[in-house]
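What TrEMBL says about this protein:
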TRANSMEM  A:12-33  transmembrane segment
TRANSMEM  A:53-75  transmembrane segment
TRANSMEM  A:87-104  transmembrane segment
TRANSMEM  A:110-128  transmembrane segment
TRANSMEM  A:140-160  transmembrane segment
TRANSMEM  A:202-220  transmembrane segment
TRANSMEM  A:240-264  transmembrane segment
TRANSMEM  A:302-323  transmembrane segment
TRANSMEM  A:329-348  transmembrane segment
Amino acid sequence: MQKMPAWADAVLVPLISLLLAAILSALVIIGIGENPVAAFRLMVDGALMRSAGWGYTLYYATNFMFTGLAVAVAFHARMFNIGGEGQAMLGGLGVALACLYIPWPHWSVSLIGTTLAAMLFGAAWALIPAWLQAKRGSHIVITTIMFNFIAATLLNYLLVNVLRPKGAMDPATARFPEATNLPTFRDMFSTADNVLFRGTPANVSFFIAVLACVLVWLLIWRTRLGYEIRAFGRSEPAALYAGISPARITMIALMISGALAGLMAVNTTQGEAERLILNSTEGAGFIGIAVALMGRSHPLGVFLAAILFGFLYQGGAELALWTTIPRELIIVIQALVILFTGALDNMVRMPLERLFLALRRKES
Amino acid sequence: MTVPAIELIGISKAFGPVQANKDISIRVMPGTIHGIIGENGAGKSTLMSILYGFYKADSGEVFIHGKKARITDSHSAIAAGIGMVFQHFKLVDNFTVLENVILGAEDGAPLRPSLAKARRILTELEREYELHVDPDALISDLGVGKQQRVEILKALYRQAEVLILDEPTGVLTPSEADQLFRILARLREEGKTIIFITHKLREIMEITDTVSVMRRGEMTATVRTEDTSPEQLAELMVGRKVLLRVTKTPARPGPPVLAVEDLRVTDSTGVERLKGVSFTVHAGEVLGIAGVTGNGQSELLEVLGGMQLATGLISLHGQPLDISGKYANGRARRNDGIGHVPEDRQRRGLILEFTAWENMAFGYHHDPAYQTNRLLMNNAAMRRDTAAQMGRFDVRPPDPDLLARNFSGGNQQKLVVAREIERNPDVLLIGQPTRGVDIGAIEFIHQQIIALRDMGKAILLVSVELDEIMALSDRIAVMCDGQIMGERLPDASDETELGLMMAGVKGKAA
């Protein structure tokens, strides 16, 4: 028996959660003596009403799509990959090495190379926790979070001691060669007399993220591997019965997850910074968890949730810039959204289910 | 006239569109054992949950000893003198019997006085009802039969006058069940009232004074047990005439198909679960493995189905199978022609969150017929096959897009049986084929097993229901403590002998 219609589960629950988060945020903003309506207007204005705003919103959304998909794929195998952050950092290393040491003739060719490098490095960083989980039973929640720290320290070492050009003051690699610079939205969509997306970092990797959403959908719902991942995620004893190797699925699912997280570096490192800097991930690996939760681990949901979080990021930056609302409060608002859409899901879902049951009883 | 101990009037309860209880009225006289029988999903458990305060009835009234009672939760049920023994015990494994008995009924923060009082009362109860359990034993050290006694003691300690037992014999050996029945008879003598829920006709006939039959949320009849017969009850339960015996011709066994020699399994804690099991199954026969739950039958099926590693030899048509593989080779077993209906369909046989058509390909998802090309699966082909199989096996509702969770137990089992039989295996492993399955579906599944046998397939049947083993098997092997105690022919043995063998008494050579 279906408790409530699918549309309510997919649309109504997240919308009501969002509304609750918005109301609570508004109360907080009133509490510090600002006008929530004006603040919201400012966020929308800054993030969605001009192409420059969209240029940032979509740039952030690209990151969140990759990390959100990464978490979602692992969720389908009932694994909690909190290592997106570390896997994305290592993806950045892969992108940097590919850009710096391979003489690419054109950005399009380099993009293929860096995409592969990012996936390879991200997957490799997920491989060790995956192997430990599959063979030794070490819980990946513990190991992947540890690997975030290891990744940060490793990158710190490499950037300070190995990859930093002689004489440079900051821990970062040299600028990538011109031929690897990706076209930004400004390059792609502006005409001679109408400049769009001025000065914004959104670039061609957004389309790779969209493509990744489609491919993940195909993988999960249309391929045998996806079928096995979902079966394993729903019942390990049943998977064993069906001849699906738990160790194999654990390894493969986590490596796909790591590869997706690694892909984020194409956007940040090659697309935006054009060199590898410290902490290039800026917590996007963790936001991916919220994005996957809110998107119900479905690629379309992840796509929409990523854009929402992109909006929150960009709108939040606008608030910090134009009002006295401190930056910390933006994080409070984002946290409220995560809390309501992710952690407090049942608080909204259960009353709704009861409501739908009552409605249906009245009909019958 | 005496006042009924329990009287329910016009109880109705709906879960969304499902009417679980429809206008149910029932009177249970004090000092009697009242049976409630019905198929899975008939509403027995819902009714008892209303009486015990887990659910609130949409309408209807409850009278206890003639007084109208408002039962809002289990506390008020206990206060009203109602005790419940659940099918799955609610005991803390690493607590002693005494600690479990007082759990939730302590007199205050310091435990010592409560424990002393409980020990005194327990000794009295023991004397009064012949319920012997060591109060200082850890629950984890007790067998299921003893654990069940602790549950009964818990209820009596809370001064229950009315005891509800939900499918109490499901986990017991025949002799443990007999002991339970003696305890129940004793409780009845002492004036307690017992409501006994079961789906087993034999138990109703054996122990109850009156019996109510439920079907699809309605109470179809309440009769005195001595005025009825198993056949009549079955008909009332299902709503049509049912064959209680399986009709089958004598087996015509062919050559040996599956041979097992000296199979040994040691679990992760170092306990040997199979201690050198050997047997042979021939084409065209059903070998039944009888035994009480947890004596190695599950491990045997897991090894044969490729889910667990073992030492020893398994050969199929004389060819040894690889059983030392690194991981699951359930896929290899299927390719070899071994089908498997696992003991626990909800945990192993099905993915409850998958649709029927996704489940129908489960384990056979490598079949080239289910691939559109090298990358994508052919969902349309799976749906089509599923629709056809659902028709042939009378799965209701015949909707391939319904989640497995939303089918009844019997129909879930039909899905699994259909999937495995339709692959035309040489060997069918089938564990607890009718556990939690309604009578109508039992009849159907038994017929399918016999039909497969008559096609010349080798069938290994594992069941804890001795009746089922006796009815279906052409030969019976009894397992106890990881060993085969002996083999018998169903006609040349009886329940007493098999029961003794199940309890570990070596039978005389056949």
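A Cβ is built for glycine as well, from the same backbone N, Cα and C atoms used for every other residue.
With Cβ pairs under 8 Å as the measure, the transmembrane segment (A:12-33) is packed most heavily against A:329-348, out of A:110-128, A:302-323, A:329-348.
Long-range contacts of the transmembrane segment (A:302-323) within the same chain, counting only residues at least 6 positions beyond its ends with a Cβ under 8 Å from a Cβ of the stretch, are 14, 18, 34, 39, 42-48, 53, 56-65, 68-69, 72, 209-210, 213, 287, 290-292, 294-295, 329-331, 333-334, 337, 341. Counting only same-chain residues 6+ beyond the ends of the transmembrane segment (A:110-128), those with a CB under 8 A from a CB of the stretch are 81, 83, 86-95, 97-99, 102, 104, 143-144, 147, 151, 179-180, 182, 204-205, 208, 251, 254-266, 270.
Listed as Cβ neighbours of the transmembrane segment (A:140-160) (distance under 8 Å, sequence separation of 6 or more from its ends, same chain) are residues 79-83, 85-87, 89-90, 92-93, 125-126, 128-130, 132-133, 171-173, 254, 276-279, 285.
Nonlocal intrachain contacts for the transmembrane segment (A:329-348), taken as residues 6+ away from its ends with a CB within less than 8 angstroms of a stretch CB, comprise 13-14, 16-18, 20-21, 24-25, 28-29, 32, 289-290, 293-294, 305, 308-309, 312-313, 316-317, 319-320. Long-range Cβ contacts of the transmembrane segment (A:87-104) within its own chain (Cβ-Cβ under 8 Å, at least 6 residues beyond either end) map to 66-67, 70, 81, 110, 113-114, 117-126, 147-148, 151-152, 154-155, 158, 163, 173-174, 176-177, 179-180, 257-258, 261-266, 268-270, 275-276, 280-281, 284-285.
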